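Annotated features, as they stand in TrEMBL:
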- Gln10, Ala11, Gly12, Gly13, Lys14, Gly110, Thr111, Gly112, Glu142, Asn169, Asn187: GTP binding site (BINDING)
- 353-380: coiled coil (COILED)
- 2-195: domain 'Tubulin/FtsZ GTPase' (DOMAIN)
Amino acid sequence: MKLAMIGFGQAGGKIVDKFVEYDQRHGSGIVRAAVAVNSAKADLMGLEHIPQDKRVLIGQSRVKGHGVGADNELGAEIAEEDIDEVQGAVDSIPVHEVDAFLVVSGLGGGTGSGGAPVLAKHLKRIYTEPVYGLGVLPGGDEGGIYTLNAARSFQTFVREVDNLMVFDNDSWRKTGESVQGGYDEINEEIVTRFGVLFGAGEVEQGGEVAESVVDSSEIINTLAGGGVSTVGYASETVEEKNSGSGLLSRITGGSEDDQIDTAHTTNRITSLVRKAALGRLTLPCEVEGTERALLVMAGPPEHLNRKGIERGRKWIEEQTGSMEVRGGDYPIRNSGKVASVILLSGVTNVPRIKELQQVAIEAQENIDEIRQESDQNLENLVNDDEDELESLF
Ligand code: GDP
């Protein structure tokens, strides 16, 4: 699936930057165009793979290239004011060659948190291609304002995109690591999951393994209907055989060894499907009640088989209660591993979001209280007790 990716804010820019690098490394062909938008000049300069002419600095007249300091209302205002400049960069994308837009942003900050929903709304008005969001939730230790920003941005972003895929920093952070090092690793995890998912739709149909290759329309149909999505992933290293022996045994009907191999392959696939769905999801949630799902089995073709995928697909149907579970292969030679990626689209039972909203409401109330109190305190300080002094004018 070919995407036009737009990273908004620092996290968004860094993640899209990593997608570009992943795409070059794997030749997966998913990033047709990459743009970064920010109100902080230094963040744009820190990017490595997004071309210079695709980095858009917005809000210069308001914040002079210094960012909005976690004020997401200002982030949204600036995005609206300078939307033409962002559109200027989008204009250079051959949109007829992309299957969808992907707007990527951290939801807890200012520029991306406020700007990403504004951009999504704008793109949807102009283009007929789907506009997806990839939103990153802040860690629980980042503090009240980040949680409040994220809760408000999440609500707005979901409304403006065709589907919001969510990644929760909180369930991925590791203790005892520097923030920067931690993010590098986390960003790698993000890009691997979504890279395999979107890469699956880029395999040419036809050839020896065309049986059940995932098509980009299956990804689009799984995401259609809107709402919130999460992704599960599990992988296992495998030894690759040279492909000649596989072909020969298929012609001769296969040996007993091959039959054992087939059973083993099927079992490995079903176990990877379970691990992916029951392990750590990008956004932790209850799997039951998911509206639609897509299973992608990626790896060397001799380690994939239809029976395994079919079993895995049925198992996901049982777990989710969904009647719309799609599945297929993503054959990749020389990857050295078999991976299962599960896209759960239209999840609704997400305690993490409810908890985020609760903390956000408390933060909002505290902020209002503190503001009122400090107004009062300043008043008390500046004015004399008996009100005997008069100000000059
Ligand atoms: P903005 O530039 O004002 O949009 O704000 P940032 O993108 O710097 O930060 C927004 C939120 O994104 C933070 O609260 C973090 O939770 C998260 N974040 C920042 N940088 C990264 C990153 O590189 N990777 C990930 N996964 N999250 C990040």
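Cβ atoms here come from the backbone N, Cα and C positions, even for glycine.
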Residues that sit under 8 angstroms from Glu142 (GTP binding site) by C-beta distance, when 6+ apart in the chain: Gly108
Segment confidence, the domain 'Tubulin/FtsZ GTPase' (2-195), expressed as mean pLDDT: 96
Per DSSP, three-state class assigned to Gln10 (GTP binding site): helix
For GTP: widest Cα to Cα gap among Gln10, Ala11, Gly12, Gly13, Lys14, Gly110, Thr111, Gly112, Glu142, Asn169, Asn187 in Å: 20
For the binding-site residues Thr111, Asn187, the one whose C-beta sees the most other C-beta atoms within 10 angstroms: Thr111
Cβ atoms near Gly12 (GTP binding site) (within 10 Å, other residues, all chains): 32
Chain-internal residues, separated by at least six, CB under 8 A from Lys14 (GTP binding site): Gly7, Gly46, Leu47, Tyr183, Asn187
Neighbour count (Cβ, 10 Å) for Gln10 (GTP binding site): 25
